[in-house]
């Protein structure tokens, strides 16, 4: 089961060049960037042209957001946390990892920076927005505890049906996962994954089928998902428990839901920018953060 990409692209390289060139404007000499038979391109002319690019303001905004988040909460996100997430994607995509980066507009370093931005944003969310008792009670109504399953993802329905027949004949699920699953991220550990009902990286049909199973049971018919067909076996389906004992899990589920809400996260980022006193000095780029400033005034 492949994770769905949910990352905000940080195009910082051009923004970095923009700021570096901006700094050069304070120098008395206008350095030459390039020459041609009819003349030359100076830093000032290049900087002026660069500012006309429709994506420049977006890139500058992304760069400032990252720096503001990192200054405010950088100590809360370790290098190990980022590297572990990076390695998880690298393992998931295997030999296709570089293609994955290219398709999403990343270099290896910018991908790590994007991952770090996501973690920093989550820290900011928890620092700036607290979960109320009424919100916990609302979450409790639909709450389901984390479950652990084994799964086998196949590219076609016939293979999934054969897996189910093999299980009925007594074959081991973990061995079948290794030989028949096309999910390279889980096939070698028996197809085992743990998740909660609010997990948005998994197909709804997958979660619905899994939560109907009791411990030890497996799906009797293939489950259609985006990437193919699934056979699912329930390993651990705990009881829901009580509201009081589940508060920690409920809080985590509310934050997970909020982190996927773009309007909430925009408000959080706008507050971070306000708290960090972010100001753009160049009048041609001054409105790059206007959408966040407007949100900050209504928070």
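Note: Cβ is positioned from N, Cα and C throughout, glycine not excepted.
Given the structure is predicted, the values throughout are model-derived calculations rather than measurements.
Swiss-Prot has this to say about the protein:
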SIGNAL    1-23  signal peptide
LIPID     24  N-palmitoyl cysteine
LIPID     24  S-diacylglycerol cysteine
DOMAIN    144-236  domain 'PpiC'
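For the domain 'PpiC' (144-236), the model's average pLDDT works out to 95. DSSP labels the residues of the domain 'PpiC' (144-236) in these numbers: 31 helix, 25 strand, 37 coil.
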